[in-house]
């Protein structure tokens with residue numbers, strides 16, 4: 001493997017590193033974005049890029065040596081090594097929309113599908129009606145794929161879809177025959193990363209190929225479209241038949257993220273991501289699943305610095321649904337990422353499954369904590385909370401992050417109780433390591449509810465509880481002469497009384513770039529999701545692992561979209577989003593209230609979970625959809641202040657924005673968000689009937705607190721001649737002060753279909769005012 005890697009690195013170095021030897025030492029990779037391509041033939045597009053670069057650098061040889069990528073399929077542009085002055089000069093060219101330096105992005109089951117409804121065991125549901133997503137292609141941009149995983153077996157899978165134009169690119173430990181009828185494509189993109197970084201073959205164990213070292217990409221791909229794998233569990237927990245959302249959909253992996261080392265983790269170059277999107281458009285994917293994202297502050301959706309938004313714009317224009325993770329910076333507000341209106345942005349919820357771990361105190365009180373402990377029962381053992389008894393010169397700390405301040409004898413041979421307010425879930429494993437190194441036998445961590453389970457080693461129990469239960473245990477310790485505790489192995493608990501919650505880590509709205517665009521759009525399970533992984537994953541158990549994040553929630557939606565695409569092949573990306581958002585659950589599948597994890601549990605609002613929890617069966621027959629086409633996106637670009645020439649190049653045709661600028665409130669989204677209501681506003685939506693031809697819908701309005709909402713007309717009539725109808729919404733406020741957001745809804749119903757449009761309104765009497773009071 002190392003010999004192959006060395007030869008690959010030599011070749012890549014000759015192509016990338018030595019190719020830029022003539023460039024200034026101060027040069028770095030810049031992306032030159034030209035918008036919609038002007039030629040259908042990719043060769044002509046690339047030639048035009050070389051001509052432009054030759055004019056800048058003075059020769060064809062210099063242009064060839066500077067070029068890193070030519071984006072030539074879905075859109076036009078290139079990545080090249082340029083100095084600041086060269087970048088500034090080419091940016092002044094009238095053909096160029098943006099020039100920016102390269103940047104980096106970060107990474108953002110057995111129970112899921114039974115929980116959400118489309119079970120493969122039912123002969124009359126979405127999975128069976130769509131032949132499990134057969135003939136749809138899910139493209140995944142991530143860390144690669146482990147092709148030998150059973151999740152990518154092609155048993156019972158038919159021929160490769162005829163619209164597929166991609167292939168399987170050989171590389172380190174990866175040959176073309178690693179692909180099959182399930183995993184039909186695999187490519188890797190590293191040129192952008194190599195142009196700015198030295199790839200240390202000794203330090204980084206990643207593969208210079210589409211093969212996945214980290215396991216993240218394998219996990220994501222198997223959630224979206226993994227094949228059936230029976231009797232899968234994580235070391236005995238969560239046992240069942242594993243499958244993806246669309247078990248017969250095809251997977252195409254585009255590796256643009258690279259594992260550097262344990263300290264630096266995984267990095268994804270913007271130029272590599274752009275090339276991956278460009279290739280995915282060419283190859284013919286139907287859905288593009290991207291579990292990556294930037295950080296706040298965000299760049300405008302019309303700014304090339306948001307590379308995912310830029311690439312996604314062109315993918316959506318070609319009919320590809322782009323699904324992105326909303327980010328893991330919750331529960332703080334205004335943290336959601338991937339906020340462009342043409343992207344389907346996903347929040348994460350829990351499942352109705354937990355891993356209950358009995359803690360039995362010496363007074364026979366039983367407390368059910370959460371853990372992934374699969375070791376033997378720990379019999380009654382001394383229980384301690386490290387604190388100063390009042391007559392000691394030693395240092396004591398019951399804070400989980402500071403357990404190392406305690407002497408070993410404080411914890412040796414005991415189970416330790418500690419408290420933490422930290423949100424970082426690594427606190428669990430770090431505290432457990434400290435206790436174990438000191439000779440401790442177990443750990444009970446009291447913390448705010450809702451944080452990820454971080455499994456400790458198999459033979460070491462570390463159990464999470466909330467602060468209330470932690471205080472109960474602390475009182476037991478303080479008022480008992482010789483406190484003891486017994487810890488039993490974890491067990492899987494499904495259904496009652498486990499409730500569904502928006503995960504604490506899931507990033508929240510409102511949208512910090514364009515507050516009138518509701519984000520996230522939708523929520524899906526993303527906590528402790530069991531799926532395939534790479535054997536190199538340190539938590540790997542038989543080829544499978546549990547991970548948490550909006551990275552896991554996004555491919556759930558991608559799998560649902562693949563099923564819906566099979567059922568409605570002519571729908572636009574906006575139609576799929578509308579169907580998913582307007583039919584979502586506001587309660588869990590069993591009718592219980594969903595909660596949102598924050599500093600405390602609360603009733604969720606659209607900034608927590610968009611339309612709600614995805615309801616795949618209802619999304620298949622939404623009744624009405626709010627559709628959008630390129631003109632709607634042009635409306636948005638104009639409202640965002642993009643100039644006419646830039647929009648024209650972006651969309652590939654002459655475009656002139658109206659004067660005055662259109663209102664962002666009139667974009668035909670399946671939501672209504674008004675961030676700065678002062679005077680009465682009127683907005684318009686258009687709905688299209690995709691249900692029975694002759695249908696009549698009546699409106700039900702639940703206005704936000706202190707907000708008046710008037711809908712005209714109140715009844716919509718559809719027939720063979722009338723497929724689409726517009727309605728107006730007049731919104732006014734009774735508030736006399738600046739308020740926060742209040743929430744309501746607008747529902748069109750024909751007694752069978754309920755088309756729910758979430759409404760979010762903030763009164764701003766004094767505009768652009770920030771108040772800390």
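The backbone N, Cα and C atoms fix where each Cβ goes, glycine too.
Secondary structure from DSSP puts residue 142 (active site, charge relay system) in a beta strand. The active site, charge relay system feature in Swiss-Prot is assigned to 142 (among others); the stated evidence is sequence analysis.
A helical conformation is recorded for residue 216 (active site, charge relay system) in the three-state DSSP classification. Taking the Cβ of residue 216 (active site, charge relay system) as reference, residues of its chain lying under 8 Å away and at least six apart in sequence are, in sequence order, 107, 142, 143, 257, 266, 291, 547, 551. Among the features that Swiss-Prot reports, active site, charge relay system is placed at 216 (among others), with the record citing sequence analysis.
The feature active site, charge relay system is assigned by Swiss-Prot to 551 (among others), with sequence analysis given as support. In the three-state DSSP scheme, residue 551 (active site, charge relay system) falls into the helix class.
Under DSSP, residues within the domain 'Inhibitor I9' (29-108) fall into helix, strand and coil as 31 helix, 27 strand, 22 coil. Among the features that Swiss-Prot reports, domain 'Inhibitor I9' is placed at 29-108.
The domain 'Peptidase S8' feature in Swiss-Prot is assigned to 112-620; the stated evidence is sequence analysis.
Annotation source Swiss-Prot lists domain 'PA' at 382-474, citing sequence analysis.
Residues or ranges marked as N-linked glycosylation site in Swiss-Prot (evidence: sequence analysis): 200 (among others).
Among the features that Swiss-Prot reports, N-linked glycosylation site is placed at 231 (among others). Cβ neighbours within 10 Å of residue 231 (N-linked glycosylation site), excluding its own Cβ and spanning all shown chains: 9.
Sequence-distant contacts (6 or more apart, same chain, Cβ under 8 Å) of residue 408 (N-linked glycosylation site) comprise 438, 439. For 408 (among others), the entry in Swiss-Prot reads N-linked glycosylation site.
Classification of residue 536 (N-linked glycosylation site) by DSSP places it in coil, neither helical nor stranded. With a cut-off of 8 Å between CB atoms and residues at least 6 apart in sequence, the same chain places 205, 213, 214, 215 near residue 536 (N-linked glycosylation site), listed in sequence order. Feature annotation from Swiss-Prot assigns N-linked glycosylation site to 536 (among others).
Cβ neighbours within 10 Å of residue 643 (N-linked glycosylation site), excluding its own Cβ and spanning all shown chains: 13. Under the DSSP three-state reduction, residue 643 (N-linked glycosylation site) is assigned to coil, being neither helix nor strand. Annotated N-linked glycosylation site per Swiss-Prot: 643 (among others), in sequence order, evidence recorded as sequence analysis.
According to Swiss-Prot, the feature signal peptide maps to 1-23, an assignment based on sequence analysis.
There are 28 other CB atoms within 10 A of the CB of residue 142 (active site, charge relay system), with all protein chains counted. Cβ neighbours within 10 Å of residue 551 (active site, charge relay system), excluding its own Cβ and spanning all shown chains: 30.
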